[in-house]
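Take this structure, written in structure tokens, and hold onto it; I'll ask about it next.
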Amino acid sequence: MRNIRTKNNVDLSVEIAGIKMKNPVLAASGAFGYGTEYLPLVSPALFGAVITKTVTLLPRAGNVPPRIYETPMGMLNSIGLANVGVHRFLEEKLPELLSHHPLVIVNIAGNTMEEYAELAGMLNGQPGISAIELNISCPNVKQGGMAFGADPIQAVKLTTLVKKATSKPLIVKLSPNVSDIAAIARAVEQAGADALSLINTLYGMAIDIERQKPVLGNVTGGLSGPAIKPVALYNVFKTSRAVNIPVIGLGGIMTAGDAVEFMLAGAAAVQIGTAGFINPNTVKEIVNGLKDYCLKKKYPEVSQITGKLAV
Amino acid sequence: MLEQKVNIVSHQKIAPDVFLLSFRSDYLAAKARPGQFVHLKPSGPWPLLLRRPFSINRIKGKNIFIMYRVAGRGTSILSSLPQGAELDVMGPLGNGFEIDKKYSDHLILAGGIGLAPMQFLADRLKTMKLNARLFYGCSGKKDLLPCAVPGKVIATDDGSCGYKGFVTDAFLSRINKFRTPVVYACGPWPMLKKTARICRENKIDCQVSLEAFMACGVGACQGCVVKGVKEYLTVCRQGPVFNSREIDWEQEATL
Ligand SMILES: Cc1cc2nc3c(=O)[nH]c(=O)nc-3n(C[C@H](O)[C@H](O)[C@H](O)COP(=O)(O)OP(=O)(O)OC[C@H]3O[C@@H](n4cnc5c(N)ncnc54)[C@H](O)[C@@H]3O)c2cc1C
Ligand SMILES: Cc1cc2nc3c(=O)[nH]c(=O)nc-3n(C[C@H](O)[C@H](O)[C@H](O)COP(=O)(O)O)c2cc1C
Ligand code: FES
């Protein structure tokens, strides 16, 4: 289904892990809830695909408040994967989101590898789900999360196990809190990942000097927002050169210019996280801005930006 | 819920560190309920990241009023904005106070800047011809904030005006005067905690407006929770107004 191109027409569609999306701007996990909280302000339909808040097998209450704090051009969060659990997700949240958007990617996490595999298996039977995003990079939970994302051997084991449990495309979301992200990326590629998302948040903390206590109830949190953009961009640049599967870039993207930077560095698509909290119109502005950039550069297809960086 | 650009119509200092700001919004004027809030930031340069939440203080015609205290960088930047400056406003957000005519007396308890959402509530109670009363506590006479409600009881920590002591004590000393009262409270956590206890002991229905750091303001990020008796509750979506019985008052105050 190729768009018919006229002079002012840019084909904004991209194909990632076999999923054809109408544009390369995705909602990042945890920033767009279950996809409908922002109605009527932001329609999920504006995104190329919506990635849901991490879903776990059992409901999770999340960490002790306070859970968020503002830092210079960034925010710390220690939400701790608070979610309704997969059963309520499938019964209540997914149908509502699907009524607004046919392309839903479900982000999952577990305490153990078996839990990840069980979840992936359960979701496999759901025709509405386009792909699975494996969260092996959450800095805010004690079990699972980072434990699997920081060690290539664990990451491979987990990816292999999940890949066996599902026939859906598998996207693995990586953490920057490692010494060599490209090594982890290559490992999960070999284990069968169809695409990568990077980056998740960076470890961080803030201290209340009056109370002489950490600001966050969980002591530490994950840093996101413009403050992490240079780090994210570097990780995307480094990783996309190390693997042959598509890389989806995120971390501090606020404007179309930021999205172009990530694509030039090698990203096939981008995700919007923190920016959406501040400017709900971010998705519209980035999609339009990408189109303008392509027109200016005379690219008939947005995918031509990917990897164009001259170094 | 809408996001819109508005211009500041009036902006003045009304007490030490406290400002009253107004802007015009036909949408909010038509849609907002007392207790709801807006999530805002200047639409020009804003060296900060997140929006900041503020209760709707009053609606006069199409003008929306915000009463705020300078608490940090954001509110201090806000306070420097001149008339005409553009604001980026999301709202109305949250659930608002529930007003039920079955009560004989609608008692408003406010501490400090907790008075902010109460003028709107008092105005609405008046339109509904309900019997409203305000108990308002602040540190002293110089910090008194304006609120037009008949039958005000003022309490000050230093006794420079009205009852000397906590607003909760002023309220407790008059509690037997009301037949089937309901309490609406907003203020610092210890005051709310005390209010909730007094109301529980006296079998009075009580609604409290709470605060938390917010990112999204719409229930998407799970960032602004308080501990309820059963589960965490999002202040932005399930609140900011809660039935006081829903809240676990033993948790450490987060703000
Ligand atoms: C639903 C809701 C309605 C509110 N309505 C009003 C109002 O009508 N008038 C008013 O003056 N304030 C109101 N607040 C509080 C107001 O949002 C904060 O004072 C403001 O966000 C502080 O921003 P800042 O950048 O100045 O402070 P920061 O630099 O972020 O922090 C400075 C200080 O302010 C405190 N603070 C930061 N965020 C909040 C917060 N969300 N709530 C309380 N304290 C905070 C911090 O603990 C810190 O001590 C409301 C808060 C909520 C959640
Ligand atoms: C409040 C909040 C909650 C998040 N929750 C999740 C989550 O549940 N699962 C996940 O994979 N990433 C989660 N993230 C990480 C984001 O998806 C994203 O990787 C990160 O914020 C960096 O992008 P940004 O700078 O554009 O926000 C969360 C981020 C924030 C700010
Ligand atoms: S501020 Fe995001 S859930 Fe309340």
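Glycine too: its Cβ is placed from the backbone N, Cα and C atoms.
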Looking at substrate binding as recorded in TrEMBL, which candidate out of A:N135, A:N279, A:N281 goes with A:K53, A:N77, A:S78, A:I79, A:G80, A:L81, A:N200, A:T201?
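Between A:N135, A:N279, A:N281, TrEMBL records just one in the substrate site with A:K53, A:N77, A:S78, A:I79, A:G80, A:L81, A:N200, A:T201, namely A:N135.
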Please report the DSSP secondary structure of A:S29 (FMN binding site), reduced to three states.
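For A:S29 (FMN binding site) - judged by DSSP and reduced to three states - the answer is coil.
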Give the helix, strand or coil assignment DSSP yields for A:I199 (FMN binding site).
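In the DSSP reduction, A:I199 (FMN binding site) maps to coil.
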Given the substrate site residues A:K53, A:N77, A:S78, A:I79, A:G80, A:L81, A:N135, A:N200, A:T201, which other residues of that chain have a Cβ within 8 Å of the mean position of their Cβ atoms, reported in sequence order?
A:G30, A:T54, A:C138, A:P139, A:N140, A:V141, A:G222
Near ligand 2, which of the binding-site residues show up if the criterion is a Cβ under 6 Å from one of its atoms? Options: A:S29, A:K53, A:G80, A:N135, A:T201.
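Those binding-site residues that pass the cut-off, since their Cβ is under 6 Å from ligand 2, are A:S29, A:K53, A:N135, A:T201.
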Starting from the Cα of A:C138 (active site, nucleophile), work out which of the binding-site residues (A:S29, A:K53, A:G80, A:T201, A:G251, A:G273) are within 10 Å.
A:G80, A:T201
Among A:K53, A:N77, A:S78, A:I79, A:G80, A:L81, A:N135, A:N200, A:T201, the annotated substrate contacts, find the widest CA pair distance and round it to a whole Å.
16
